[in-house]
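Here is the structure we will look at, set down as structure tokens.
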Amino acid sequence: MRAGAIVREAVASTFARHTAMLVSGTAVGYILTALASPLLGRLYSPADFGLLALFASLVGILGEAATARYELAIVLPERDEEAANLVALTAGVVVAASLAALALVALAGGAFARLLGSPELTPFLWWVPPVLLALGLDAALSHWMTRRRAFLRLSAMQIGRSAGTALTQVGAGLARAGSAGLVAGRVVGEACGFAGLALQLRPADRELFRRSIRLPEILRLARAYSDFPRFSMPQGLLNAVSQSLPPFLLAAFYDTSVAGLYAMGHRLLYLPARFIGQAVRQVYLQRASETRARGGDLHRLFTRATLGLAALGALPALAMVLWGPDLFRLALGPQWGEAGVYARWMTLWLYFAFVNPPAMVLMQVLRLQHLLLAYDATLLVARCAAFVLGGMLLSPLATIALFSLIGALFNAALPAALWWHTRRTRPSPEAPR
């Protein structure tokens, strides 16, 4: 089937309708963020955004380990009772990880901030444990609702999270709170996201949890799905570290203002990609798991999802490459023009990152976490090399360009490899479904 026909069919599919439910909330959330950005760009300095980027990067890295990635298994069992125990397992791991983070902050928070070269980060480290707790519980409930196809409830959660973040950051900026206002917005947003999901749990779900969750079953499932902490967690950590390198290394090699300019460009480009990618990831995870369980055609589903994302992101990416600096100056003020120059290069990487969520999910569904771990380890080494060499020899712009080109290459290679793999292993037309 031709690519154009596949894209047209994808628009009319159940997959597309479920994705649209999530994207509607995602779109509203991004609109709130985008509407707040011109105000935030004038209320806060690049250095303030640099500190927020350090906080967000730290939370992003630790958040990958906080659940041991057991949340990814919630959609896989055939029985809801097993899935409910996986929710409890994920929640227990998250609570333990958050308490461990709290102990580390109490014992060595200041030393850690100085090690990063950002002692001003020290007071904000106390917010890391509660944010980890909210993120981890949010992940468990999100995957439960994905299993239940409660996509409208997930959409409402996205809106609440974005509204909480934007309103807090704007209000704190008007009060001249500085970088503390940006960090407070992130904390409030994550709390709103988790609270929104918890309040939307149906009585039937609560009853299922109450009668199904048992410690022996939790321990059995922890062993049965041990490949997630053994492979998916290190892979997620490597991916998070490689994604979070820029703020830390830009601040170390240059200064926090350069990190802040990068962070603003990343914020405005990555947020829509992340929001839509999350929606696709959640729907695709459910559909791919179901398709594999019944012996269906994963190649067709994967191709439709990937080409649909490629078509959706093409025009915005082209516009950013052509007019990025002008758009940033117009929207945020003259001090952010350089962020638009950075964004022009980052678009190359983030476009392919926008296209590859189906590939990332399919690796989990096919239980190929060991290969995904190797992929992310190689990507991390390449990105570290780009930043170390760039930081010593190149300008900030050249370093970001090199980093982005490496990201584009790797993010394009993964969907191509999965397309070939699923095509080679797709069932024949005569095969039983």
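A Cβ is built for glycine as well, from the same backbone N, Cα and C atoms used for every other residue.
For 20-41 (among others), the entry in TrEMBL reads transmembrane segment.
With a threshold of 8 Å between CB atoms, the same-chain residues lying at least 6 positions outside the transmembrane segment (47-66) that come near it are 93-94, 97-98, 101, 116, 118, 120-121, 124-125, 127-128, 131-133, 135-136, 178-179, 182-183, 186, 233, 236-237, 239-241, 243-244, 247-248, 250-251, 255-264, 266-267. The feature transmembrane segment is assigned by TrEMBL to 47-66 (among others).
Summarising the annotation, TrEMBL assigns transmembrane segment to 86-112 (among others).
If you look up TrEMBL, you'll see 124-145 (among others) marked as transmembrane segment. Long-range Cβ contacts of the transmembrane segment (124-145) within its own chain (Cβ-Cβ under 8 Å, at least 6 residues beyond either end) map to 51, 55, 58-59, 62-63, 66-67, 71-72, 74-75, 83-84, 87, 90-91, 93-95, 97-99, 101-102, 105, 109, 112-113, 151, 153-154, 157, 179-180, 183, 186-187, 190-191, 193-194, 197-198, 200-201, 205, 282, 285.
Marked as transmembrane segment by TrEMBL: 301-323 (among others).
As annotated by TrEMBL, transmembrane segment applies to 343-366 (among others).
As annotated by TrEMBL, transmembrane segment applies to 373-394 (among others).
Residues annotated as transmembrane segment in TrEMBL: 400-420 (among others).
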Other parts of the chain folded back onto the transmembrane segment (86-112), taken as Cβ under 8 Å at six or more residues beyond its ends: 62, 65-68, 70-71, 73-74, 77, 119, 122, 125-126, 128-130, 132-133, 136-137, 139-141, 143-144, 209, 213, 218, 221-222, 225
